[in-house]
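Student: Have a look at this one before I ask anything.
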Amino acid sequence: MQKLTKLISDKKISLAVALTISLGIAILSLVRINNIPSISAENSDKFYHVIAYFTLSAAWNLFYLNSAKKNTKIKFILSICASIILFGIVIEVLQELITSYRTFDLKDMLANSIGCVTAAIVFAVLLEKLKIKWLKFN
């Protein structure tokens with residue numbers, strides 16, 4: 001457990017993870033994907049969007065936590081969330097503009113936002129529950 005704690009609290013590793021997830025989402029969002037497992041329901045791909053953007057938000061929040069020198073304010077968590085939502089919007093626009101096999105989808109953007117906001121809430125609540133002293137809600 002100590003090795004895991006040390007690993008996830010390393011600034012360089014958390015940055016590498018966040019960048020890798022960001023790049024992975026960008027690539028997977030812009031290339032043609034065949035034979036991906038799917039849930040047989042309408043809009044089932046939205047589940048993947050929620051999970052991907054939850055993970056992306058958690059990774060960037062963890063990097064920020066590892067990089068913060070002083071008080072972490074909720075506005076920084078929200079800034080990360082807003083940046084990730086913007087990233088998702090840019091990806092959707094790029095899908096429409098540069099691919100012939102992907103389309104702009106408002107439902108994808110909603111699912112991305114739900115994943116991101118959920119991760120931000122979970123992150124803030126966990127920091128509060130773990131009594132991280134430098135979290136400030138102002």
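Indices start at 1 and increase along the chain as displayed.
Every residue gets a Cβ built from N, Cα and C, even glycine.
Since this is a predicted model, take the numbers as computed values, not measurements.
Pulled from TrEMBL, these are the listed features:
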DOMAIN    51-126  domain 'VanZ-like'
TRANSMEM  12-34  transmembrane segment
TRANSMEM  46-64  transmembrane segment
TRANSMEM  76-98  transmembrane segment
TRANSMEM  110-127  transmembrane segment
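Show me how these features fit into the structure around them.
Tutor: Per-residue confidence over the domain 'VanZ-like' (51-126) averages 91 (mean pLDDT, predicted model).
With a threshold of 8 Å between CB atoms, the same-chain residues lying at least 6 positions outside the transmembrane segment (46-64) that come near it are 8, 11, 14-15, 17-18, 21-22, 25, 28, 39, 72, 76-77, 80-81, 83-84, 87-88, 107-108, 110-120, 122-123.
Cβ atoms under 8 Å from those of the transmembrane segment (110-127) belong to residues 46-47, 49-58, 61-62, 65, 72, 74, 77-78, 80-81, 84-85, 88, 135 of the same chain, restricted to positions at least 6 beyond its ends.
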